[in-house]
Each structure stands twice: as structure tokens, then as C-alpha cells.
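Listed features, source Swiss-Prot:
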type: BINDING; residues: 83, 217, 218, 219, 267, 381, 382, 383; note: substrate binding site
type: BINDING; residues: 226, 245, 286; note: Mn(2+) binding site
type: BINDING; residues: 268, 269, 270, 271, 272, 273, 383, 415; note: GTP binding site
type: ACT_SITE; residues: 269; note: active site
């Protein structure tokens, strides 16, 4: 504490002294001394401290005001627009091998990042902020402390997470907290990170600390988001619960029944549009914790806000998000085009000005970058950051419930033109975890240009964020389900089937699949058994299409969408098998499930041929 007394002005020192936690004090003293900021501000949970951070983001030029009250814009460096996968490394002890993951020797990594960060905050203000992941004072709560010299990063976290200063005071001397140290480094005249050659995001799994330097882009800097996610996955696998890259939503069933679903979809597979269906309710759009509470799987949203991709958001397809983005609620727009105080983005469905300011500086239509590429009005990864409370379809009770909500179903959303049917249900937990979750693929969206895209393997949509061996991750999933008294049903969806280049489904058909899944969770409708799980009966979907979308649904459409495509399904099993086969430590159950599914498909092929009509299988029941 003496060291902190020397380093901090009296008013800021008193805020830290009120937290009785020597581990925290030691960490802060070490890093304040090392970073050498000219000024330190400690954020409590007071509205005044949050307002101070908001004001400093404008004062230091990291954000600018827009025309609508409470709206601001932030720009990242032209070359700092996405997660830096190359320089994001997991620091692991010598000899640890993690397939698919970008690892580095822990001692070397810590030495390098300390050198880069020595004195990096000279002439700058350090913000020390306290937050929690999950609801406060709950079995899901994980406290975290963020050190950053970016008021934009701190402001973003106030929109995305629950405040945690009082929680730190309540918890007292615990080591059970995450630590994030970030510096944007030297800034250029546009107030964006300058030294991108020294951009590093190092995740120390042993000490549950993340270091991030010379970057501002949210995915590299907002400690509690995807950086903390690596730490929570590791902790979940150690402790036997699930930390997942999933939405959490409520589907409204008959007679006021509420059923909650989680959903894991790789990008461009329909995750946000599913969670935002206007007549259902959102709890969260990105990260969930799922724990076994008295034999029931219960889930919480880790966050209280949305850090969403803005590209393509338009009034017709995204009425709720569109309305929020035009309301006077607190929003940070990043890397969009601004003209006369108004933000514009690609695909917004209205005319975009021919000039303005964007992530490249002064912009005009046809402007090219150093590589000769034409610069679009907004970056394809441009974002909006806003609290969930701004959404009229928010299920507030579920968001704030410290016990979480019961998970009725888990959805895995893939993207392919010719393999998975639009919706199906797993035979059981193990079958779903392996053949749906651990086999998830998404066709890269080059497909929309008429080229067949590459199928990217992305189990549980978590590959970019894994921090443990994939075998341990899958084993934990299987074990978690075995210990439940009541397991959630598992479903797989695919909104992107095509035939002769035409989509087989319309955008809103997914609303019908959700209602069918809700009925299946409660065993209200029968289903057809196929070699790959249960699919809907035509009669049930016909009723739902009329009820939900007021649409007629033809037998022909049903047959095209739900036929079992045996050759493509067998090819997929082959692909997935080849990915897992060379890796050590993969649970036996994975190969058994794939083998059993292959045998069921071959048997069906021998009886019915390569392409099997759902009506043929229904007759057999």
C-alpha cells in the first residue's frame, strides 16, 4: 500500500484503499510504476466517474460527437480494424502443445510485452476500471480489473459490462479476478495507435492476465470481451461448466410459455438475425456462461451490451437494431463514414454521401489506399457499441437474474449450400455435441459471388478463442451433459441451402424453425427419425408457416429443403474425421458418433438411394 500511496494522488489512493485486497494492490502498484502514466484515475461505480471517462474520450479526441445526442464516433488506425490473429498469442509453459492455437513460450512472451510496455503511458492518463463478467453477486460472477490509457476502451466497457468496484469491495482479499493491461501506445494526429509493428495481445493463461499494446480496435483491447473469453474457457474446462460463444434468447411458446435457447453460429451464419427476430426476446448476442444448478443447465449473458457489426444493418431486415441506432441512447459508432454529424455505413439501404470522414481520414468515392484498393464508405468490420437496455425486445428479467435462466435448447448454426437440412434435432446430448457442435462448418461467403466457398471448420464457433486442448474442451462438454438431470435438446440449423444457384429458404423462415424447436423442447409435436436426427413433419411446419409468417408452405418446398442428402452428408463425416484423426487426446465418443452416423447413412442409402425424401422416411414410422 505504501507504494500505491506514493504513486497515486490522495483522492485516487483512497478509492483503491477501500478495497481490502492485497493481491489487487500489489498488481496495481507494479503496473502503475512500470507504465509510468502522468495521471491516474480510478473508476468507482458512481455515475460521475463514468461521466468523467465519457468526457475524457471526447477531450482526448478518441471520440467525436455526432448530431444525435449521446452518439459519438471513434476511429481506429486504417490497419487496426480487426482482431490481430497473428500477434494474439496464448502464453504457455514450455512443452505445452495446443492444436489449432497460436501459442508462445510464457517466459519469452512476458519478457517481450514488458519491454514494449515499459513507460508506454508517459504523458498519458491511466484509467483503472472495475467490472464483472455475468451478474453481480451470483454463482456466475467473475470480477475483472482493466488498466487502459484509452478513454474509448474504458467507455466501451461501461456500455458492455456491469460495474464491479462495489463487488471488489464486497469480495475482499480474493485472487479470483482477471487482470487486463492495455495501452494504445503512441497516437498519430487522428488519435489512433501509431506503432502497429509493436502491436501485441498476449494472454497469460497461468496468471489469468491479458496484455494488449499499440492497438485500439475493440476485439484487441476491450479486455472483458474476447480476451477474457479465452480465460473463461480455460476456467470453465477446469471447473466443469461451459463458457460459450453463443446468443441467449427467449422463444415465446403457446399460452405465454417462455423457453430459452442458446445459439452458436460462426460469422455470417445468421446469429444476430436469429437473436433479433422481432416477436421473440433477446437476452444476449455473443457470450454466455452455462452452469449446472441443481441438475438443470442455467445460462447468463456475460455482458449487458452489444458490440455489433454495423455493415448491412438496414430498416427492412433489421427493424429493431435500426430503430436503436437512430434513438438518442448512448452509442459509440466506430469506423463508419460521417458527413455533417451523421453516420453512414455499407449496405444501410439509403443513399450514402460521396464524401466525408471515415477510417481512412478524409474520404471521397473512388479513394484508394496505399495498396491501390478502393476504400469503401465504412469498414466491413465497422461497429456499434450500445447497452442492451436500449432494445425494446430485451428480456430484462432474464438479463438481470443472478441464477440465470433454464436452457431449453442449444442451437448450432452452420452454413452450407447442399448438406445440412434447415433444422434438425439431435438424438441425444452426445449425438448433438459431436455431430452438430464439434462438426460445425461454415462456407466462406465467397459463395455469394457465385463461387463455391471453402468450408471452414469451426467447432462450436469457438476455434478463434480456444485456450485449451480441443479434446479437453469436447470432453468437458460431454461430461457437463452427463451430470445434468435434465439435458437441453440440441438442434442444428442451416439457413443457406441452395439449388441451381437459388436459395431454398427466405430470410424469415428461421422464425418458423425457432417455433418448431420450442414445441420440440416440450414434446408438443412429433418428428421424423432420419439417420442424422429428427426433422419436422410437413403437417406441423405447414401450420407454423401460416401462424408465424401468414405464408403458405408447399410440399415441394418442404421436400427440397428436408431431403436427406446422403453423399454430401457422408463427405462431411469424412472431412470431420480427417480433421480430428491426427490429433491426440480426442474423446473416443467423437469417433464412435461419427462412425454410427456413417453406418446409419449407408444403411439408408442401400434402402432408399442417395437422396431420400422426408415423406419416404415418414411412411416408415
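Glycine is no exception: its Cβ is also placed from the backbone N, Cα and C atoms.
Long-range C-beta contacts of residue 267 (substrate binding site), restricted to its own chain and to partners at least six residues apart, with a cutoff below 8 Å, comprise 309, 442. Each of the binding-site residues 218, 219 was scored by the number of other CB atoms within 10 A of its CB, and the lowest score belongs to 219.
Within 8 A of the CB centroid of the Mn(2+) site residues 226, 245, 286, the other residues of that chain are 225, 229, 287, 465.
Sequence-distant contacts of residue 270 (GTP binding site), defined as residues of its own chain at least six apart whose C-beta falls under 8 angstroms from its C-beta, comprise 413, 415, 493, 495, 510. Taking the Cβ of residue 226 (Mn(2+) binding site) as centre and 10 Å as the limit, one finds 21 other Cβ atoms among all the protein chains shown. The binding-site residues near residue 219 (substrate binding site), taking a 10 angstroms Cα-Cα threshold over the set 226, 245, 269, 271, 272, 273, are 226.
Of all the binding-site residues listed here (218, 268, 271, 381, 383), 271 has the Cα closest to the Cα of residue 245 (Mn(2+) binding site).
Of all the binding-site residues in the record (268, 272, 286), the one with the smallest CA separation from residue 381 (substrate binding site) is 268. Same-chain neighbours of the substrate site beyond 83, 217, 218, 219, 267, 381, 382, 383, judged by a C-beta within 8 angstroms of the site's C-beta center, are, in sequence order, 81, 82, 307, 309, 334. In this structure, the CA atom of residue 269 (GTP binding site) is 13 Å away from the CA atom of residue 286 (Mn(2+) binding site). Separating the Cα atoms of residue 271 (GTP binding site) and residue 83 (substrate binding site) is a whole-number distance of 19 Å.
Just so you know, of the binding-site residues 83, 245, 383, 415, the Cβ with the fewest other Cβ atoms around it within 10 Å is the one at 83.
Close to residue 226 (Mn(2+) binding site), meaning Cα to Cα within 10 A, are the following binding-site residues out of 217, 218, 382, 383: 218.
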